[in-house]
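Everything below concerns the one structure shown next.
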Amino acid sequence: MSEQKLALNEYLKTDSDYLRGTIKEGLDSSVTGSFSDGDQQLIKFHGFYQQDDRDLRNERKEQKLEPLYSFMLRARVPGGICTPQQWLGVDKIASTLTSSNSIRLTTRQTFQYHGIPKRNLKTIIQDLDRQALDSIAACGDVNRNVMCNPNPVESKLHEQAYAVAKKLSDHLLPHTRAYAEIWLDEEKLLTTEDETVEPVYGKTYLPRKFKMAVAVPPDNDVDVYTNDLGFIAVAENGELVGFNLTAGGGMGSTHGEVETFPRLADDFGFIKTEDVMKFAEAVMTVQRDWGNRSNRKRSRLKYTIVDHGYEKFKAEVEARAGVKFEPKRDVVIGDRGDRYGWVEGVDGKWHLTLFIESGRIKDLPGQTLQTGLREIAKIHKGDFRMTSNQNMIIAGVAAEDKATIEGLARKHGLLGQVLTQTRGHSIACVALPTCPLAMAEAERYFPEFIDHIDALQAKHGISEQAIVVRMTGCPNGCARPFAAEIGLVGKAPGRYNLYLGASFEGTRLNKMHRENIQEADILAELDTLFGRYAVERDAGETFGNFTVRVGVVKAVIDAAKDFHG
């Protein structure tokens, strides 16, 4: 990339002294509620983003005030598992140190806080540290939170898969001590000129974000093919023997720029469990060395594979890993949803999956979700498992404790709501008012939109059919809308692009059907299509497959060539 000018972020990383920048000085300044432009990029590596309340932006401008700056902090919780004691700490932070007084479960199996004033950042990070939690590398050009199927039934297999996810997360953490020095007040250690501070990442880290997931078939709740790097567990007689490795997935794109596109990962082959770290490091270092550092819109691993070619990339990964891929093993990729209600595991323990609409845990009249989870955490002896569908599993409940846990869940509105198949399979990103990238609503509007979808399905007698519906406020794709049977991507206030045709299992992308349309047009279009689907569908045919089969949209086979075509 020496012939091209590097992206600004590359210079920022190079000059940052391994992610220190002037964050400490900015934190100490009370003149403004923000950080400098450069530090706003660096703080992402520490786990948070600078935001402002866009609902108040114009009003404050008229008053000649700076925007109402706040921060969104995202924790690193590999596999989404935390203890009840940790959850109580997480809850206390939300209640005392954020203006949102809420916890947001994310589509990557962790939680985030919104509405943090700059003065509270350090206190929050130190409080998380006391709970053995952190936000290191939850954002930024590094390996993000590692997802893992929270399968509450195959407990032994889940334990083995989770151990791999946890090891991946720990092994691929940045080594810089910037986080410990700035936020935890640890002493800066003296280093020599030739000392390797970041043995995997190097001084400029990765060209762009890097997302990783471990799936346990037949479940695909982690949407493994949408990740930069995926590991699909292969078991024999209930024991983990290895993984099918996938690489090159990613959701983000830019409206109107056809050289950007979402993409599902390629299958590369089977690897043994003992070789996982070799291959993970090999894939990451190829991306580190080959990835585009001039154009951040084309810097994800998916573009590296497209630009260099599958075979060339595969050969380089094998060379760096020192191991060849074996032929991919046969596995069945199935449902992406969660199992709601009580499920008994093979170990005799029970697991209660609670639906949390759009992942927002907050006390509201008639639904005191935050208090309910707090009360459960006080007595629960198992663990809490966050899912990539923004839900919560109260896992490892003894049979004799079921009634007490269920009673608390019902008392606080965590159980008892009527949940349609489609609502249970649908997710939305945060969007307005806090996300600076949002062009339209998502989380705040989504429940009402799903009400309309439910009504249309009932009208046409297809309520029993789960349809994966996802909404985002922009095309960056945090809620993985391009892998939804019905995807809505914000284009402007109240206007969305409508995408159709993804597979129910997450093995095929969707394609744009209508551009820049409002709610009335979206619902009219879906009303017509649901009517056709009710009459014309084959036995067992999902909605996404139906829209492709009857020619409503063309199947996306090679995203680089036909997502936009």
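Placement of Cβ uses the backbone N, Cα and C atoms for every residue, glycine included.
Here Swiss-Prot has Cys429, Cys474, Cys478 binding [4Fe-4S] cluster, and the candidate from Cys148, Cys435 in that same listed site is Cys435. Highlighted in sequence order, Val430, Ala431, Leu437, Ala438, Ala442, Thr472, Gly473, Asn476, Gly477, Ala479 have their Cβ within 8 Å of the centre of the Cβ atoms of Cys429, Cys435, Cys474, Cys478, the residues recorded for [4Fe-4S] cluster, and are not part of that set. According to its DSSP assignment, Cys435 ([4Fe-4S] cluster binding site) is coil. Most other Cβ atoms within 10 A: among the binding-site residues Cys429, Cys435, Cys478, that distinction falls to Cys429. Note on Cys474 ([4Fe-4S] cluster binding site): other Cβ atoms within 10 Å of its Cβ, all shown chains, come to 23.
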